[in-house]
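K.L.:
The structure follows.
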Amino acid sequence: MSRETFEYHWGKHHRTYVENLNKQISGTELDGMPLEDIIIATYNKGDILPAFNNAAQAWNHEFFWDSMKPGGGGKPSGDLLDMIERDFGSFEKFAEEFKSTAATQFGSGWAWLAYKANRLDVDNAVNPLASEKDKRLVIVKSPNAVNPLVWDYFPLLTIDVWEHAYYLDFQNRRPDYISTFMEKLVSWDAVSLRLEKAKALAAEREEEEQRKKKEEEEEKLSEGDNVEMYLDSDSDDSEAD
Ligand SMILES: [Fe+2]
């Protein structure tokens, strides 16, 4: 990836998304909200609101830059590699699927590796892999500015496959750009760190849900006790009469 590509892609395209978003939300209720919350609110169950594209593109690009490092590529290790091997068969099979997903996103968009901790449809969107098991790694593609946050997935790695990402260096050869990204640029350290955070957050969320469930059950039980006490005292009264 050349200096010229970075100057255009980061210096002009990414900057424009950020500047346009700031103009769009200035003085609105979105102003001051975390970027992730703006994305989810403006996705609006797929019927997107005006700020969505700029908000998601601002987030996606930041995430994309942090997915790379000079001298990257190679193979991941540790827990990330174990999960890739468990969920895709081998690192080679994963790399093949990731590349072909990125190559076959029709038109502008993104390809993602994500941690899917949620099997059910979420409030915000129809889960594209609802029937797949949860707590696993998945590869997904998304059109235009859409990202896996809207499906309640944890994004771990992304590649920008908008033409502006590769045209200066590779012209129409998107697969060559994708191979260069995978072989020389991916920061597996960044992906590993994101996976650890995603798993910790998902576990926290699960604990919280179980705690709430238990509380609700206990509340129901104690409500049952109250009814009984009331009935008992009621019958005592009638006896006294
Ligand atoms: Fe881009």
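Even glycines carry a Cβ here, placed using N, Cα and C.
TrEMBL annotations: computationally assigned, not manually curated.
Relevant sequence annotations retrieved from TrEMBL are reproduced here:
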DOMAIN    2-68  domain 'Manganese/iron superoxide dismutase N-terminal'
BINDING   His9, His61, Asp160, His164  Mn(2+) binding site
DOMAIN    76-124  domain 'Manganese/iron superoxide dismutase C-terminal'
DOMAIN    129-192  domain 'Manganese/iron superoxide dismutase C-terminal'
COMPBIAS  204-215  compositional bias 'Basic and acidic residues'
REGION    204-241  region 'Disordered'
COMPBIAS  231-241  compositional bias 'Acidic residues'
K.L.:
Can you list, in sequence order, the residues of the same chain other than His9, His61, Asp160, His164 whose CB lies within 8 Å of the CB centroid of the Mn(2+) site?
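P.N.:
Counting only non-site residues, the set is Trp10, His13, His14, Phe64, Trp162, Ala165.
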K.L.:
Note down the number of other Cβ atoms within 10 Å of the Cβ of His164 (Mn(2+) binding site), including every protein chain shown.
P.N.:
14
K.L.:
Which chain-mates of His61 (Mn(2+) binding site) that are at least 6 residues away have a CB under 8 A from its CB, listed by sequence?
P.N.:
His9, Trp10, His13, His14, Tyr17, Asp160
K.L.:
Over the domain 'Manganese/iron superoxide dismutase C-terminal' (76-124), what is the model's average pLDDT?
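P.N.:
Summing pLDDT over the domain 'Manganese/iron superoxide dismutase C-terminal' (76-124) and dividing by its length gives 92.
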K.L.:
Can you count the other CB atoms that lie within 10 A of the CB of His9 (Mn(2+) binding site)?
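P.N.:
There are 22 of them.
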K.L.:
Quick check on the domain 'Manganese/iron superoxide dismutase C-terminal' (76-124): DSSP residue counts for helix, strand, coil, in that order please.
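P.N.:
Each residue of the domain 'Manganese/iron superoxide dismutase C-terminal' (76-124) counted once, the result is 25 helix, 8 strand, 16 coil.
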